[in-house]
Amino acid sequence: MVSAEAARNVVGIIGNVISFGLFLSPVPTFYRICKKKDVEEFQPYPYAATVLNCLFWILYGLPVVKPDSTLVVTINSVGLVFELIYLSIFCVFDTQNKGRKKVFLVLFGEVIFMAAIVATTFLAFHTHARRTLFVGVFCDIFNILMYASPLTIVKKVVTTKSVEFMPLSLSLANFLNGCVWTAYALIRFDIFMLVSNGIGAFFGFLQLVLYAFYYKSTPKRGSQDVKPSEIQLSASDAASRA
């Protein structure tokens, strides 16, 4: 019989693979930016937000905070590298300097904020349980916000009756990512991973329902110029997803 720990590791590896796919999802956007040598109307804020989310989950998964959470650390470390690469590309091709200064200011603020959280975690809390509680609350807040971010396009989808700006791959990856990490949290009960990823799976399901409902009324590509995607999740999401 497969042990709970072995099952948890298998589910965690699957979660890492799906989350990796989410972190790769912005690649077409940045390929376009590199090709045109211009960021056009794309915004850097989702990627900057994901940097902070990844940092929180890396802190959460450290042995001194939450033991036996190596897979949480690995995928968010990979995600952090991807997000920093995306932001670097953005700054290089921000020819009109529309967001470069803001990116630096946001990242600087995130470093200061994260340093304060790390100091508080290790100086004010001296047990795994208390550190997990303190860091876990922040992880849940940022993870839920990241999962919910694609829903900001709902109004446009409903008014235009088009899912052109709500990619199916992103919605499906969000749903699967939430489901897998929810299962991971249930095998060895982890309330913080369970809450944010359970809500994330629900948000992903809502996106899929919306996509299915408006898919047929969406204009086919080629009938009009396709604008840059208005949903930019690094995923997003990704995942921290964890």
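Including glycine, each Cβ sits where the backbone N, Cα and C put it.
The annotation compositional bias 'Polar residues' is assigned in TrEMBL to 231-242. What TrEMBL records for 219-242 is region 'Disordered'. TrEMBL lists 6-24, 45-65, 71-93, 105-126, 132-153, 165-185, 191-214 with the feature transmembrane segment.
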Maximum Cβ pairs under 8 Å to the transmembrane segment (132-153) - stretch from the list 45-65, 71-93, 105-126, 165-185: 45-65
Same-chain residues at least 6 beyond the ends of the transmembrane segment (71-93) whose Cβ lies under 8 Å from its Cβ atoms: 9, 12-13, 15-16, 19-20, 23-24, 26, 30, 33-34, 36-39, 42, 44, 47-48, 50-51, 53-55, 57-58, 60-62, 99-100, 103-104, 107, 184, 193, 234, 238-242
Region pair the transmembrane segment (45-65) / the transmembrane segment (6-24), three or more CB pairs under 8 Å: no
